Each structure stands twice: as C-alpha cells, then as structure tokens.
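Annotation comment: TrEMBL describes 1-17 as signal peptide. Sequence annotations record features per position, and here TrEMBL assigns domain 'Thioredoxin' to 1-126, 343-472. Per TrEMBL, the feature disulfide bond maps to Cys47-Cys50, Cys393-Cys396.
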Amino acid sequence: MKGVSIFLLAIVAASYASDVLELTDSTFESGVANKEIVLVEFFAPWCGHCKKLAPEYEKAATALLSSDPPVPLAKVDCTANTEVCGKHGVSGYPTLKIFRNGEVAEDYNGPRDASGIVKHMKTKAGPSSKTLENEGDAVKFLNNAEAGIVGFFGSEDSQLAKTFKKVADSMAEKFRFAHTTNEEVTKEHGKADTVIIFYPTSMHSKFEDKQKEYDGDANMQSLKSFVTSNVFGLCGHRTQGNAGEFSQKPLVVAYYDVDYVKNPKGTNYWRNRVMKVGKKLLDSGKSLHLAVSNADEFSQELSEYGLSFSGNPVVALRDQKDQKFVMTDDFSMDTFEKFLNDFLDGKLEPYLKSEAVPDNSDNAVKVVVAKNFDEIVNDPDRDVLIEFYAPWCGHCKNLEPKYKELAEKLAGEDGITIAKMDATANDVPANYQVRGFPTIYFAPKGKKQNPKKYESGREVDDFVKYLAAQATDELKGFDRKGKAKKSEL
C-alpha cells in the first residue's frame, strides 16, 4: 500500500512539474549566471496581476525551453526572498527583468500573454538579423507567410551593413530581417549593397512587384522609414498581432473571411479587387493605405463602426484625425472606388457611434451621447464634470447615487453641469483618454480641448470641494474651499 501511495504522489508531483525555474536569495546568482539570457519574474503570491500572469508565464516557459536557442524563464517570490528583490529595486508586482550572463540587461516591457512572451523573448534571444550563409538559408528565410527584409552586402563592415543591423536591432520584434555577404545568394536574389523587402508568395499579385528595393543612403531614419512604409506592400494582411504597425493614415480596411492558410485563392480574389482600385488612385497621386483583415478576428472593431459581416467585404476607413468613415453600399469595385473618391473629395460625414439623443429636461445628471457631446460638454458657457462609465462596472454603480446627489446639490449653479456618458455605447472624443471605469474629467469654459482628469475622492464632499476650487466662476452656494455660503436674511 505504501508503494502505491508513493507512486500516486509521484504522479501528482509530475502533473505539477513546472518549467519555470524557482530562484531564491541563495540560488539566484548561480541560477542566472552563465546563461546567455533569462527572463525573471519578481512576484508576490497575493498579487492579482501575478496570479493572472502565472498560467501564461508557465505556457511560455514550456514553449521557450524547446526553442532554438532555449530561453529559460524564472521567478522569485519577493515575500520570501527580500534580499534579491531589494537588490534589484523591485517595488511593484509583477516586475519582469531580462538578465544576460548574470547581469540585468533591461526591464521586460513586452506582452503578458504566452504567445507574446514567446515571440518577444525569441527576438531577444536570437540575432536581430539572421545570417544567410548559403542558398538553402535564403530559400528557407524567404519561404514564409510574412515579408522578409534582406540586406545584401559585400562586407559586413560597410556603412549600409552597419546601419541595416542597427535598424534590425530596433525593429526585429515587429519584422523579419536577414543579411548576407554570400555572392551566390546575392546574385540569385538581389545585388550588392542594397536592401530588399520580399513579399510572401501567397500575397503576390499582378498589381505590385514581388519585392521592393531600397534606393536611399546609409541613413538609419531613412531605412526605417522605408521598412515601415513598404513592408506590407500595396495592401497588407492586417491581423491582431500586427495591427499596431498599420499606423499610417488614412487607412482603408476591407473585412471579410481572410484566410491565407485554408483559402488563399478566395482571400486574394477580394484583395486583388481592393488593390486594383487602390492602385488606380495611388497612381493618380492620391494618398491612401490599404489592408485586409479577417472579419471574425476583428468583430469587436467592426462593432465600433456599426458594421457586421455576412459574406462580401465590408469597408471602413480612419483618417489622420482618427475619424471613422464607413462604406454603406454593398462591395463592388465601382462602389469601393466611389467611396474612396468621396472621402478624398471631402464629401463623406464621419461615422459616429452613438445612442439616441435623450430628453435631459428632468435629469439632474445630464446624459451625454456622442451626438450631443458638443452641445453639452463643449458648451462654451458652462464648466462640465463628466463621468465615462460602463453599465456593467461595479464601481460605477456604487458611484451613481453619490453622483446624482452631487448634481442635485449643484442644480442651482448656472455655470456647472454634471454629466455622464456610457463609453461602451458611444464614441469618446480623442482628447478624453478612457482606459478604465469610471473615468471622470472636468472641462472648464475656454479650455474644452484640454480637459482635466479628475483624480480626487469620490464622496459628494470631495466633488464639491474640487468644483468649488476649479470652477471658472465662483459658485453661488459654496466658497472656493467648498464650504456652503450662509444664506442672506
């Protein structure tokens, strides 16, 4: 029986075996020494963010152990190992740091999900630019679903080669870089002392060349700009993983069942139509940036445009001011071209996600929607305190009775409006940064474009004191310190 128990314990222990190294005050130095690279998480067992990170960190550790080269992940419990955590200046949890050969190389500021950690650390572990020693290396590098940026050099000591490597160091987390001094590889794929972007075979089209050659000098900023402007070609495949790199505006995105793995032919059927229209406008001197995205992958984004996908592509556009425009007609090359021309000619109205305008006549707290935002919040004659909330937010629900009491208390003030807006159902202006709920701003008269974020207490008296001090004109019922004025007899 004892043997069975030991066996079962062994199974349980194995099931909980971790690929994350657990380091302590006594094992830390030896644990990170002589390792080319290691990622260390400094954590506390009670920390909610640490608990959320734990399964992702574990999955990343398992994946990175089998990568080439392997990248170890480690963790330190700072509640039990105060010496090492103090030595490395840990003041919040989780804190992640990258060590190289026993020394801190940099703070980790990358993604916190497993795939993001893996991608980030693979980039950090390997060279930023892969060396193509022979034709086999070149073929393997170019046979990829993502574009490849390749430098062809007579010598790695050339000025362009040095600049290329610096650019690769700064952009390797985003794009794929390789370089070669091999004459056969250069003869087969490029020419000496140049940089070429090679587009993936699956996205080759008659509407653009299969590659793009850099014609600038050895200036780092020029080469970076070349990569950023051309790495996705005429019409890039925009995914959740690379969406942040599609920063150039105006950006036109066609959403449909994009799938380069299961249906590349069907994917390119629609992409080619987008490209044909886009190329026509670009050749005429118009400025546009094109992309295709999978509608299911970007369902949340589509809802922000008030769009839904049911077969043919749906199209949306963002301009340099981050305004949204939506193509309302069914997709065809004619309707697509008209939509783009109407936008370029300034004939389109921006799309505004908004609830219906409410009747505020009996509301102490004025209800703001996108369509009446200017009328209420940007009223030039009134200071406005506005709460951005979410219907499901517990903190917002707790605030609601206090916020209403505040509005009723200040109902007699001619120059103050207390307002609220459901930020999940309405577009929020760009000068209001809402990253959590509730978020409260004060927009005084004459300074509507530069509202102040409210960061004081959330009791009624806290709000009153703040508004009494900040109001453009002194309140009738309260002095500048927030004390109620005595009524005149």
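Cβ atoms are placed via backbone N, Cα and C, with glycine included.
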Reduced DSSP assignment, Cys50 (disulfide bond): helix
Spatial separation of Cys396 (disulfide bond) from Cys50 (disulfide bond) - C-alpha basis, Å: 25
Inter-residue Cα distance where the pair is Cys393 (disulfide bond) and Cys47 (disulfide bond), in Å: 22
Cβ neighbours of Cys47 (disulfide bond) where a neighbour is any other Cβ within 10 Å: 16
Secondary structure tally of the domain 'Thioredoxin' (343-472) (DSSP, helix then strand then coil): 36 helix, 25 strand, 69 coil
Disulfide-bonded residues listed as Cys50, Cys393, Cys396, least Cβ neighbours within 10 Å: Cys393
Residue counts (helix, strand, coil, in that order) that DSSP gives for the domain 'Thioredoxin' (1-126): 55 helix, 25 strand, 46 coil
